[in-house]
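S.K.: Sharing a structure here in structure tokens format.
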Amino acid sequence: MTTATAPITHISPGSALRHGFTLAGRAVTKVRKNPESLLDVTLQPIIFLLLFVYLFGGAIQGSTDAYLQVLLPGLMVQNIAFASLGTGMALNADITKGVFDRFRSMPIARSAPLIGAVLGDIVRFVVTLTVLLVVAVIMGFRVQTDPGRFLIAIALLIAFGLCLCWVSVFVGMLVKSPQAVPGTLVAFIFPLTFGSNVFVPSDSLPGWLQVWVDINPVTHLANAARGLLLGGDWVADAGWAFLWAIGIAAVFFPLALRAYRRRVG
Amino acid sequence: MSYAIEAEGLVKRFGDTVALDGVNLAVPPGKVLGVLGPNGAGKTTAVRVLATLLRADEGWARVAGYDVATQATAVRGIIGLTGQYASVDEDLSGTENLVLIGKLLGLSKADAKARAAELLAKFELTDAASRSVKTYSGGMRRRADLAASLVGRPQVLYLDEPTTGLDPHSRNEVWATVRGLVDDGVTVLLTTQYLEEADQLADLITVIDHGKVIAAGTPYELKRRTGGQSLQVRPTVAADTPAIATILRELTGIEPLVNTDAGLLSTPVDNPLLLSSVVRRLDEAGITADEIGLRLPSLDDVFLTLTGRTTPTTPVTEGSLA
Ligand SMILES: Nc1ncnc2c1ncn2[C@@H]1O[C@H](COP(=O)(O)OP(=O)(O)OP(=O)(O)O)[C@@H](O)[C@H]1O
Ligand SMILES: [Mg+2]
């Protein structure tokens, strides 16, 4: 029986968001069925944590315990940045598969798969932050502030990741294979995460590098996270980090959308 | 007259390849159009244009009156698509795939689940419903794909080689499903390399080659139009087949179709008097035949005459040149 319903001529932003959430649910189901897809956001943070704290901690900060306290908030930022690489990879892998043709032949918003992929990434962000925190707490890390500020820190980190992942979506729409996404983005992610005060205080660096480190959004966000988790000022740094994030999204969201449209038609 | 699917002058180029070179199509509501053509003819490209997945470089197409280029959303709201290559999510189970589609189409979770269960049962996938599609056999995937394209109860259904890779049982199931949908008023566009499939299902047939429509009409019209009639010989002894093929070739000037499984040779003929020549030549050669006669040509003959090629395979029987 064909039921004659009114034609769908336009998809409202509300429906687009609903489709996006449904597709984010798909991403979550896939993670649940295939937990090893989370290895990159679980194993890597642990390795970084152990490596830096026990190998370099004594040299950089004098004691591994003290170093763990200042390192962890920064490592959270670094891992969010790395986790955001996954969005472009996942989306690249997805659009080359037949299932994308099905989505495209259905009356759903063109942008829904994009929104779904990005929302689904919140799961990866939460997982990477949880793993880092749990291992760090076992190693002796303690949040010195209150739950309110802790939650603000988490929210800021995830917001930063959600803005940053448009860069990876953009690259993911330009390259041929998923593996090319991290390869291409290394040139972007490394200066961003290592050229910051996450691992070493900026005043230990040569002047030209200090200039970059001091304006780097990762430095600002790491400072804000330290303030929020350990106590101290955080508002100004959070503001700078937020502005940076908005700026990155303002540039890369339209670029990503255009590249996506061009790629999937 | 308004058509469920209508296209005119569709042109699609991929670099130097002209995949569609001015294709016209028209399918009345509730009818089945079979699109036939050899590999690379442009069948899939045509389906993708009609399903809003590709934009034609020239020409226009309308589905239920909606333009595929400018009213794509409306078109997507009424079509179902089973592409040539499976378009289900390998990592999800059969149920998860169909529920996902149901939810995207606006069904409640309960309705989506009920619809998924109903369709999985219809395609005999209930036992595999909770397994990842990755673990499905080729035929099961194909059926899951078909089920997926029916979740939204489409008015217009595109099936791009729906039975390729299916066993005869599953193929019959798919044919029965298509007939059931047509009874419900669904318009179907089906591409196939299997002439028998087109013969079984299609009300109308369009033959495409090199991106051009080279013939269109009802199966009956096509059979009438090409080669007039088909001369068929069924040898008593299979060993005589090559000798008979030689005689037919000498008399008609073209290579006859030899269907070993059915024990039948056939060739399109335009002069019915040829029949007596064949009988005489067989007599002279001392070859007996169980059956010699003239028929309306099969679609195999039509295809052979139109494209100068045999189809690679036919579903029930293997046709090959002698
Ligand atoms: N995305 C593409 N890029 C380049 N060429 C393409 C593309 N899609 C199709 N073609 C070319 O267009 C022509 C028609 O292809 P199409 O897939 O429509 O044929 P088909 O009739 O479906 O063939 P088959 O029976 O093998 O499925 C072929 O020459 C093919 O190589
Ligand atoms: Mg094809």
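In case you wondered, yes, glycine gets a Cβ from its N, Cα and C as well.
Take a look at what TrEMBL says about it:
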type	residues	note
DOMAIN	A:36-263	domain 'ABC transmembrane type-2'
TRANSMEM	A:38-60	transmembrane segment
TRANSMEM	A:66-91	transmembrane segment
TRANSMEM	A:112-138	transmembrane segment
TRANSMEM	A:150-173	transmembrane segment
TRANSMEM	A:180-200	transmembrane segment
TRANSMEM	A:238-257	transmembrane segment
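Are these features on the surface or tucked inside, and what touches them?
M.R.: Beyond the transmembrane segment (A:38-60), the same-chain residues lying 6 or more positions past its ends with a Cβ under 8 Å from any Cβ of the stretch are 31, 66-68, 71-72, 75, 78-79, 82-83, 86, 124, 127-128, 131-132, 135-136, 139, 199-200.
Within the chain carrying the transmembrane segment (A:112-138), a Cβ under 8 angstroms from the stretch's Cβ atoms is held by residues 16-17, 19-28, 31, 38, 41-42, 45-46, 49-50, 68, 72, 75-76, 79-80, 82-84, 86-87, 90-91, 94-95, 100, 103, 154, 157-158, 161-162, 165-166, 169, 256-257, 260, all 6 or more beyond its ends.
Outside the transmembrane segment (A:150-173) by six or more residues, the chain places 73, 76-77, 80-81, 83-92, 95, 114, 117-118, 121-122, 125-126, 129, 143, 181, 184-185, 188, 217, 221, 224-225, 228-229, 238, 241-242, 245-246, 248-249, 252-253, 255-256, 259-260, 262-263 with a CB less than 8 A from a CB of the stretch.
Through the fold, the transmembrane segment (A:238-257) approaches residues 111, 114, 152, 156, 159-160, 162-164, 166-167, 169-170, 173, 217, 220-221, 224, 227-228 of its own chain, all at least 6 residues removed from its boundaries and within a Cβ separation under 8 Å.
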S.K.: Below 8 angstroms Cβ to Cβ, which residues of this chain, lying six or more residues outside the transmembrane segment (A:66-91), approach it?
M.R.: 27, 40-41, 44-45, 48-49, 52-53, 56-58, 60, 113-114, 117-118, 120-121, 124-125, 128-129, 132-133, 136, 139-142, 153, 157-158, 160-161, 164-165, 167-173, 178-179, 181-182, 185, 189, 192-193, 196-199, 218, 221-222, 225-226, 228-230, 260
